[in-house]
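> The structure under discussion is supplied below as structure tokens; questions concerning it will follow.
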Amino acid sequence: MQGLYIKSYGCQMNVYDSLIIENIIKPLGFSIVNEPSEADIVILNTCHIREKAAEKLYSELGRIRKIQETKNLTIVVAGCVAQAEGTEIFTRAPFVDIVVGPQSIHTLPELIVKARKIKKQIINIDFPVISKFDAIAVEEYTKNQKVSAFISVQEGCNKFCSFCVVPYTRGEEYSRTVEAIFKEALILADSGIKEITLIGQNVNAYHGTYKGNEWDLGRLIQHIAKISSIERIYYTTSHPRDMHESLYEAHGIEKKLIPFIHLPVQSGSNKILRKMNRKHTAEEYINIIKTLRKHRSDIAYSSDFIVGFPGETDEDFENTIQLIEEVKFSQAYSFKYSPRPGTPSAEYTSQIPDEIKSQRLTKLQELVHKQQLEFNKKMIGETHPVLFYKKGKFDNQIIGKTPYMQSCYINTENPDLYYNKIVPIKITDAHKNHLTGIIPNTLPV
């Protein structure tokens, strides 16, 4: 057996793609290894969302090149940086063998065999007519998932936010058929999966077909919920413009759909939202939150925020703070704006000094962390179902997550008894990033 090392950067879509890559390359005679030095093929599945993504790639490639100098090593750059940089990767890192975009990963077995045979660099960053989902048997991307699994239902984006590279690296919106998704869910359920996360760049823009009729995400969720052994359903990431009535209804009707939604707003300033080309206002976002609460009162919210977008004034930033205070988020991800080459906002004037960005980010994060801790503390004394999926750092410690996507730690003499199961846990303490709990005495062992 030869060694295969895969490093995945960024979002859940990349994690999912890396699983596909692993499962389609293993049959060529490879097994997964934990270090690049143990590998015969190294695959870097890259993300292009954050600042200096390309530079981080080249830095990692420099380290891997030293390994290549000591052995016959095939180096593959995949993902969104591969799509964005293209042949520039060969120019800056001529020792790379293969560059492949995220929509062409299904061609990797062929590319690897060819590159090793002809000893020449190969690139495939096309957006093929036949999608990777049509080209790969569904069984290949359901392997090796344990208690919780991703299903990609939608890829690409048609929104063209002025700061974002996704439409250029992942292509236009594409939705898989209901039949293909349901088949994948059934296979996962049969393998013991308890929780399914439906993923997409704009997952609530899903518009797949079933027997010639178009379905939206709300209807798809209720269909998947019919699988009895699937106990939890979650979806991410959503765009406010794509929230729709059947999705609201699913949150109210379908108890398997967890009471948590990640719904990025980015800014609370309508002026900045227009410059971002978000196609919604702060008021519309707040109305979405209110509508969700009408359907399920205990729902928790997460968001993304960008501070220091070009032209953001103190007043604009305070509008964001006011929105956060009104919504009260249980979690949030916040970043300083960084220009992405090729996006419209990279050319905007009125770029904000980094010092001001840092000050605003600190203030925003302090507020969000305060809200997060307050939300977690409300759980103390309550009992919640926790899905345990991994062992902790210490002996007898096991880690799970509540329906509100909070990490929960417990100590037990028999951690293996609860691993890969959903167990009622009484919450005894709360911290900013996690809860701790105990198994109630009434729970049969």
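Cβ atoms here come from the backbone N, Cα and C positions, even for glycine.
The following feature annotations were taken from Swiss-Prot:
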type	residues	note
BINDING	Cys11, Cys47, Cys80	[4Fe-4S] cluster 1 binding site
BINDING	Cys157, Cys161, Cys164	[4Fe-4S] cluster 2 binding site
DOMAIN	2-117	domain 'MTTase N-terminal'
DOMAIN	143-374	domain 'Radical SAM core'
DOMAIN	377-441	domain 'TRAM'
> What does the structure give for the C-alpha distance between Cys161 ([4Fe-4S] cluster 2 binding site) and Cys11 ([4Fe-4S] cluster 1 binding site)? Integer Å is fine.
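On Cα coordinates alone, these residues lie 18 Å apart.
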> So, three-state DSSP: helix, strand or coil for Cys47 ([4Fe-4S] cluster 1 binding site)?
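Assignment for Cys47 ([4Fe-4S] cluster 1 binding site) reads coil.
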> Within 10 angstroms of the C-beta of Cys164 ([4Fe-4S] cluster 2 binding site), what count of other C-beta atoms is obtained when all protein chains are considered?
21
> Test of understanding: give the count of other CB atoms lying within 10 angstroms of the CB of Cys11 ([4Fe-4S] cluster 1 binding site).
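The answer is 17 other Cβ atoms.
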> Around Cys47 ([4Fe-4S] cluster 1 binding site), which residues of its chain at least 6 apart sit with Cβ under 8 Å of its Cβ?
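Long-range Cβ contacts: Tyr9, Gly10, Cys11, Asn14, Ala53, Gly79, Cys80, Val81.
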> Residue counts in helix (H, G, I), strand (E, B) and coil for the domain 'MTTase N-terminal' (2-117), per DSSP?
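DSSP classes over the domain 'MTTase N-terminal' (2-117) add up to 63 helix, 25 strand, 28 coil.
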> Among Cys80, Cys157, Cys161, all listed as binding-site residues, which has the most CB atoms within 10 Å of its CB?
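Of Cys80, Cys157, Cys161, the one with the most crowded Cβ is Cys80.
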